[in-house]
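Features as listed in Swiss-Prot:
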COMPBIAS  1-14  compositional bias 'Polar residues'
REGION    1-80  region 'Disordered'
COMPBIAS  22-39  compositional bias 'Low complexity'
COMPBIAS  40-62  compositional bias 'Basic and acidic residues'
TRANSMEM  91-111  transmembrane segment
TRANSMEM  123-145  transmembrane segment
TRANSMEM  186-206  transmembrane segment
TRANSMEM  217-237  transmembrane segment
TRANSMEM  244-264  transmembrane segment
TRANSMEM  286-306  transmembrane segment
TRANSMEM  317-337  transmembrane segment
TRANSMEM  356-376  transmembrane segment
TRANSMEM  391-411  transmembrane segment
TRANSMEM  448-468  transmembrane segment
TRANSMEM  490-510  transmembrane segment
TRANSMEM  547-567  transmembrane segment
Amino acid sequence: MSNPRTKSPNTNRGQGLRSERSALLNDSLSSLNGNSSYDSIKDSSKNNKDVAEVNEYPRRPESSVSVVSNSPHRQDAATTNTVSTVSVSKVLPALLLGVVLAALDNTIVASTYTKIGAEFGKFSQVSWTATAYMISCTAFQPLFGKFCDIYGRKKTLLAAYCVFGIGCFLCGTSRSLWQLVAARAIAGIGGGGMNSTVSILMSDIVPLKQRGTYQGIINVFFAIGSSLGGPVGGYFADQYTWRIGFLIQVPLIAIAFLCVYFTLNLPHHNHVSFMTRFRKIDLKGLILLIIGVTTMTCAFTLGGNVREWNDPVVISLLIASSISYLSFVYVEAFVAFEPLAPMDVLTERTCLSSYLCNFFHSVANFGWIYGMPLFFQSIKNEGAEKSGIRLIPMIIGSSLGSLLGGAVISLTGNYKKITVGSYFFGSVAALFMLRYGYSNFNWEYAVYPFSGGLGNGIAVTTTLVAIIHASPSAFQASAIATSYLFRSNGCVLGVSISSSIVQTVLGIKLRKSLDFDVDELLHHLRKDISYVHRLPEEIRQTVLDALLGSIHYSFLFVSFMFFCAFVCSMFIKNRNL
């Protein structure tokens, strides 16, 4: 049996803990030897069963559990635990339905937040409906990766479906903005669990060289859900009420639950009590992560919007966030026996580079999703439905990019070159969006978002394959969940920072352009952005120009984030599959 990394005799406490975990891992694998659930998968394939029997444990038997070697031609252990194409085809539709709904719920607020803000009279605070979803999604995704190890893939996925459905129902029945924010947080927990668990499950049943293709398919359906979120939410908001957009998801998620329950048959764990398994969860790390994500988001939401950046509250939140994140890293490295984000993964060069790429391109992507509807609803005076439709070219580009990235990996076995090129492409596309408001060519409203989406879609697929290829097999579930942690952190900051940039720059420009106190004007604009078109004609154009300039700064920020991802992608090791 291949042993995990051996440590020097002069190890610190954290290294000792990791060695102890590795020893326990070897013992558990030895006990599973000869009775592996991976063997049952191969037997089920031979018997031509039409259900996917997937190992509930992510840890491979002897020859499969190994740390990534320096050789670029590491044996693909996953090829030993695949199921037939027929079996995958039975399971995949049930998984994809959940992916579509999670993606739809992720973007449904993008085209409805003006309606929600107007109904509750709190436009400046309505961005919390998006950030609350992302906070909970971010904080709990690593936990779902650990749940997959402890309770198994199927139970974890079904639990995520239940939490998501409850959250959607509460969203549709909320009677105040803060009730809606709390409901969005509940939905975010389930949505994050659905996304990460599906990727972990597919990683178990698909060979490494084909994972790019299957991940591309998953990303396409995620893109379909994302593209539907804006138009569907905008349509219901314009024609009926924004609440229907949330309530309609409840019966659909129930269908997904039933499909997974009946089509995904998995071997059972050895019988261990719930509390025995629960004690394995890194609660200290989880609490620190929740505090870090929440305080960081609060700081960027309040700063430049409700409070000045030098306000003691904003500064305190930034300090608290920094301390929480540093403490989280310390706990994961030196305290946690079963860490949410293992250091064996975080310290691997390709994994870390890919994680940073995921973070930066997620910041860029959600900054884009925030900025585009704002541009069309404020500058172009379009309705929520039409501004949501404007997001479709970007989503189509992302879908095609995911398939292209997977196809290139399957054909060439190389993922670095196309990753580097995709981020450069996205950065340039975002720069061209600075022409918005000055150009009279309507095709530019589609081509630039499509190009940026294409680059983003390629990178989402290729970086995940890089992480799977580079991570130790025993920690693959945690490695995948950690990638979603970095993505979700980026999504939270993408919305919050973009909103803060627009609000801050708008205030600066208006104070320079107008010769009266603009605080009341800013107050009205923050409550309802469409107020700009009800202003007196003599100041309306001045305010529109200031608003356009502030949105351009958010697009410039998007371009810079893509460039940061481009730089990080240069450090990914070029291992051919």
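Including glycine, each Cβ sits where the backbone N, Cα and C put it.
The transmembrane segment (217-237) makes contact with the transmembrane segment (448-468): 3 or more of their CB pairs lie within 8 A, with pairs spaced 6 or more apart in sequence. Below 8 angstroms of C-beta separation, residues 105-106, 109-110, 113-114, 116-117, 156, 160, 177, 180-182, 184-189, 191-193, 195-197, 200, 281, 285-286, 289-290, 293-294, 297, 301, 305-306, 340-341, 366, 370, 477-478, 480-482, 484-485, 488-489, 491-492, 495-496, 499, 503, 523, 525-529 of the same chain, each at least six residues beyond the ends of the transmembrane segment (123-145), sit close to that stretch.
Sequence-distant contacts of the transmembrane segment (490-510) (same chain, at least 6 residues past either end, Cβ-Cβ under 8 Å): 124, 127, 130-131, 134-135, 137-138, 293, 296-297, 300-301, 303-305, 309, 358-371, 374, 518, 521-522, 525-526, 542-543, 545-547, 549-551, 553-554, 557-558, 561. Listed by sequence, the residues of this chain that lie at least six past the ends of the transmembrane segment (391-411) yet keep a Cβ under 8 A from its Cβ atoms are 107, 110-111, 209-220, 223-224, 226-227, 230-231, 368-369, 372-373, 418, 422, 445-447, 449-462, 465, 577.
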